[in-house]
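Structure, as structure tokens:
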Amino acid sequence: MRRFSTVNKAEVSKFTRAARDWWKPESNTGVGLLHQLNPIRVKYIREQAIAHVKKAPIDPQSPWPLKGLRVLDVGCGGGILSEALARIGAQVTGVDPGQANVEAATEHALGDHETAKNRYICSTAEDLVAQNETFDIVCALEVVEHVDNVPSFIQQLTQLLEPNGVLFMSTINRTPASYLTTILAVEHILRLVPPGTHDWNKYIQTHELKGELEKNGMVVHDISGIVGDPFVTGWRLSHDCTGVNYILCATKK
Ligand SMILES: C[S@@+](CC[C@H](N)C(=O)[O-])C[C@H]1O[C@@H](n2cnc3c(N)ncnc32)[C@H](O)[C@@H]1O
């Protein structure tokens with residue numbers, strides 16, 4: 001497949017505009033929701049990595065289960081996920097096309113010895129493919145709904161994996177429920193993220209994403225919904241409710 005740029009400048013600028021707020025969960029930029037979702041995302045990555053990483057057996061009791069693994073965080077923003085993965089042992093590279101995001105991530109990571117080794121680059125998956133970089137784990141959380149040329153983006157993520165490498169993606173399903181919650185309620189009524197952050201037409205249904213991954217030689221092991229609410233119950237994983245936010249794990253054959 002020809003490599004297309006996946007960068008939509010208008011989408012990236014939605015995030016660079018608020019780059020100085022990546023580590024201010026109380027700000028009204030929407031970043032608070034990502035901070036809230038992060039522990040459940042990391043729990044998922046940890047559990048699925050223990051089940052599916054083949055490079056070396058992972059001790060489930062280890063406080064650093066990702067130790068020795070090269071992990072790429074595509075669309076890392078200010079490094080919310082990257083930092084959490086470094087804390088469980090990963091050797092993290094984060095890439096983002098937004099220069100201001102990369103600067104925010106770098107500056108924040110330097111504040112703690114556990115994250116100071118994180119490598120952040122103003123770049124994209126397609127650039128890293130061109131440089132023949134490969135990783136044991138690739139993560140693209142809450143990114144695919146902001147890119148152009150989704151099939152090309154997915155192909156590039158899979159090319160960045162070592163054989164048997166593990167891919168994690170999270171995004172939003174294109175359903176009536178996701179319109180009501182993530183756009184009407186979250187953007188327009190509760191104002192938890194700025195109106196216009198999401199475009200419902202760019203959301204991707206679970207079977208569409210699974211199909212695209214399978215076309216690229218991936219085996220999808222699990223798709224779980226991330227359900228709950230920011231005010232009362234917090235967030236949890238659900239095998240049944242994938243109609244709004246979901247996260248998946250796939251490996252390269
Ligand atoms: C909703 S934020 C998610 C940030 C981070 N992944 C997280 O979940 O905490 C989306 C991020 O994707 C980045 N992005 C947008 N288009 C991209 C592309 N084509 N390739 C890589 N990253 C992209 C944006 O700059 C932004 O930082």
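Yeah, the Cβs are placed from backbone N, Cα and C, and that goes for glycine too.
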Ask   = Which one, Leu110, Leu128, Leu141, is listed by TrEMBL in the same S-adenosyl-L-methionine site as Arg41, Gly75, Asp96?
value = Leu141
Inquiry  = Just to verify a number: CA distance, His146 (Mg(2+) binding site) to Arg41 (S-adenosyl-L-methionine binding site), in angstrom, no decimals.
reply    = 19
Remark   = Widest Cα pair spacing in Å over the listed S-adenosyl-L-methionine contacts Arg41, Gly75, Asp96, Leu141 is 19
Residue, out of the binding-site residues Arg41, His146, whose Cβ gathers the largest set of other Cβ atoms within 10 Å = Arg41
Message = Among Arg41, Gly75, Glu145, please name the binding-site residues whose Cβ is nearer than 6 Å to ligand 1.
response = Gly75
Message = Cβ neighbours within 10 Å, counted over all protein chains: which one of the binding-site residues Asp96, Glu142, Glu145 has the most?
response = Asp96
